[in-house]
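What TrEMBL says about this one:
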type     : residues : note
DOMAIN   : 74-207   : domain 'Galactosyltransferase N-terminal'
DOMAIN   : 212-287  : domain 'Galactosyltransferase C-terminal'
TRANSMEM : 7-26     : transmembrane segment
Amino acid sequence: MVVQCRVLFIFLGLQVVMMVLYHQGYHHQVSRVLNILSSSILSPTPANLIMKDVYSGLEQIQALNLTEDDLPSCPKSSPFLSGPLKVSFPLHLTMDEIAQKNPWVQMGGHYQPPNCWALHHTAVIIPYRARRKHLYQLLYHLHPFLQRQQIHYTIYVVHQIDNNTFNRGKLLNVGFKEAMKENNWQCIYFHDVDLIPEDDRNVYGCSVLPMHSAVAIDKFQYKLPYQTYFGGVTALRPTHYLKINGFPNNYWGWGGEDDDIASRIFLNKMFITRPPAAFGRYRMLKHGHDKGNEVNPKRFHLLSSTHIRWRRNGINTLNYKLLSKEQTQLYTNFTILVWRRRLTLVKLNRR
Ligand code: UDH
Ligand code: NGS
């Protein structure tokens, strides 16, 4: 009781000191102290919290001695969730190593909780070219991350193998189309290869609104770069994706295709939803500028006419050539050629 009185006394004393300082004109100093105090008290990852490794506790996943039909539904909140995760990047990862750490993942990067019926059925689509190290880091983190959430999922990588300029929007459209041929997915996650989620409460299931998950990226000091930002990691229900006609196919190179799909959502009178910033945290893997993904100088011009073009440019006008579909231990790989319309065909024919 005496101790509690002392603490209260000190607290009130501090408050009086702050008020006096504030009234004497030390506004900035007082607000700085308050900021420091509030950020340490309200911080999403308090220093005293022990952050778990993304694999910790997963050894408890066990099959039940029941037939599939008798399995219970998975709980609304998975018992494996632990909040903020300790993210580390093991060197020289190999597929075998990652596969060994994920014994429940089946060929093609497919997983279903062995002990309950999942509430979420999610395809994760990764646009890809020449980022092998990033891909392995993402797979190393994403598989256990999704298992913690008791999700039924498959990871798909859409690999643009030609030397045309990179086209993220088109690859994501291809991923959608090919993934939906495989399964009646209820939720599609569009996931950049270099974003590592840091909190397993950022559950990869769809809500009634299009979801922007990468709310707080370290590269942007864990803040949104701008209010309508819809890049990095996003999710839509297939019905919503089809309603907005998917991504545009004609953004070649860096920038704008994510703003275009955001406009499509707004043009269709939908809104974007986001997880709380404490959950939607990501580390971005460092890399230099990609060859073949130069900044697209036409992006602002294209964006100015999204409202005219969106119905005629998207999943309904997608053209590509699927060279192979391959099931690896950790993901299903689609290798594709993206046609750059007639121009490419003419060039090829002339050779
Ligand atoms: N990607 C590849 N290979 C490439 C290019 C892109 O796999 O050669 C994929 C990858 O999944 C990446 C995503 O496309 O995460 C988006 O690529 P991006 O270059 O648009 O974005 P990122 O965040 O890099 O990776 C930002 C580069 C900063 C450019 C700044 C211009 N002002
Ligand atoms: C905007 C781009 C987006 C991009 C975002 C973040 O300016 O495509 O920056 O980029 N829009 C336009 O250029 C119109 S990032 O720093 O992550 O590469 O996603």
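Note: Cβ is positioned from N, Cα and C throughout, glycine not excepted.
All TrEMBL annotations are machine predictions without curation.
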Give me the DSSP three-state residue breakdown of the domain 'Galactosyltransferase N-terminal' (74-207), ordered helix, strand, coil.
39 helix, 33 strand, 62 coil
Could you give me three numbers for the domain 'Galactosyltransferase C-terminal' (212-287), the DSSP helix, strand and coil residue counts?
20 helix, 13 strand, 43 coil
Predicted model, mean pLDDT over the domain 'Galactosyltransferase N-terminal' (74-207):
98
